[in-house]
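Here is the structure we will look at, set down as structure tokens.
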Ligand code: ADP
Ligand code: MG
């Protein structure tokens, strides 16, 4: 079944060429026990290795079952070793970190035998060699004879046709040798056994046929086999190691050197720890910066007002001095500068016409958090207490930029002491929370559900001007407090201009005084649905004390009143249509606005999302003024304009630099893992040889070492993020003690996952070169190594 035809093999070391086999011709029967005798150095091992497919011949041919091997590929040799040949070595060559059972199973593992069958067959052969009791021991817990029995069991496990034994008793005492020889003899009953020995007595005693070897060729054969032709073909089952097997193999190997692996993983994890900490810190700082930014921008919206003040830097700075972002500019000079305040703050009249409002509405909704409008409309409201109906005197204006801006209407309805009216922005585009929900707490009642729901705004101490309450029809005589419950639910009637004013014979308009009748016929009723107060963490109080309602209510009122008689008359006349006094242009517009005849807002507040979008908004507003003459320009006030822009840019930069530094330690880790893997390859050289002898492919060897680095990489990654996570607690404590900022360092889970992945990838890269080196190792040399 096996023919060696004129096989030659020589080794070249440096300039010296050693001929190991010098034209060997020998045929073997399917079933015999052949002993090869010869002095050491005569080429016996070389021949055995070539027969077993571990080593390649230089010339000649090896014919297996009638098939020439000259065209064998690596995969064919691997399969041949795995399926057809079992090796038994003088030095046993067991894998020391695997149990006896695992050692015996390895060949079957490589050829993909199922776990159950593997176990069953391994136990069977171990029983056959008399080792049932030692299944779970490690090789170093056995005697030499026992180890050789394990090796024999391993050779038998895959049920090969050929057993190749290289001085199997060379390291054993006489008694043990005889026991092993008995075992081999028994095996030879149904297999071809080729045994190399330099002990002629043992050969005589046990072998069927003795071949004498000298200087690389056969000098005598006791029972030559001349018939050559045989052609039973056999299919070789290809071998392959699953990645799981590789993992298990390396896992068990690593388990034998826990300390080293642990330290390596720890050292390799330092880079990961550094990067993870830096990322968590920058994460936290970025969050702080973001919240600082939005606070700042909430405090300093861009304001477009009908009466804009072209403020100079100095006045702007004074305004900003209230905020946390104040930064004074100092001048270097030895002179005193004189200035005229009036010249420095010139009022500019902005025309907030529909075209401009449309322009504002077309602003990119990604840039703005909200846009708030304040319109000024005096409302004709009536309140009924008991049976008495009285008008509610109002004072219209805005309180945000300090003090109410009162409109003198002369209607008798508006007074400095009237109920403060203000409107809040309607929900902007796709905002989830309304302006009120975001900035005001409900103390009693509930947030408005419709346009006709209003709220009563109190200050931080729940105070409200007594005149406000008086005008709303509450008794204030000898009263210090009013229960929320008495306020919530208060109903007011809104009376349209046409109903409220009548034209006298003289052509002017005066308010009527049949309040009870108007009350009963009112078209719209308004309810105070809640008492609200600015939230504690909100900096801006846009709404003044008094009554606040949605801007959409104002829009509705204006839409209706624009066509009322009094408004139409006022539009035509340069006199106050109520008092018949002469009006200047500004007063006329104020009065019209008060009467609901002017839809232009008094002020627009634009709240940008962040500093970056604020710049875009400012550019957008500037673009409107492009090529317009001064009169038609719309001037805005950007209070936050000189606030230091603590954008993420700086943070990103710092993070990048730090990460770059920490990455250096990652590179160090990479090199270290490369070295460790290289050392491991050196240590496991013998194992590589054994695995190759058992039919492992080069690829499988690479796998074994990739599995090892994978384990190290995973450990170091996990260790790294665990340590980094644990470190965030003391780091946060320190930062909190130093700056008062709590929980700054926060490890983002995505970063953690990424870092584990990076650790794995880097160690795999670091280990890949040694793993490739391992695969390239010559199996014969690998087996020879100690
Ligand atoms: P034996 O097993 O009969 O003692 P070997 O087959 O091991 O002999 O070696 C035969 C000859 O080939 C010896 O002279 C040995 O030095 C040489 N040889 C074997 N393997 C190598 C090798 N890898 N490199 C160089 N010389 C080798
Ligand atoms: Mg030898």
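Glycine is no exception: its Cβ is also placed from the backbone N, Cα and C atoms.
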Feature transmembrane segment in TrEMBL, mapped to one of the ranges 628-652, 703-727:
703-727
With TrEMBL as the source, which of 222-241, 242-261, 262-281, 282-301 is set down as transmembrane segment?
262-281
For the transmembrane segment (747-767), which partner among 262-281, 656-682, 703-727 gives the most CB pairs under 8 Å?
703-727
Who are the chain neighbours of the transmembrane segment (262-281) in space, where the CB to CB distance is under 8 Å and they lie at least 6 residues beyond its ends?
655, 658-659, 661-669, 672-673, 676, 712-713, 715-717, 719-721, 723-725, 727-728, 731, 744-748, 751-752, 755-756, 758-759, 763
Residues of the parent chain within Cβ reach of the transmembrane segment (656-682), under 8 Å, 6 or more residues beyond its termini:
253, 260, 264, 267-272, 274-275, 278-279, 282, 688, 705, 708-709, 712-713, 716, 758-759, 762-763, 765-767, 769-771, 773-774
What average pLDDT is reported by the model for the domain 'ABC transporter' (2-240)?
91
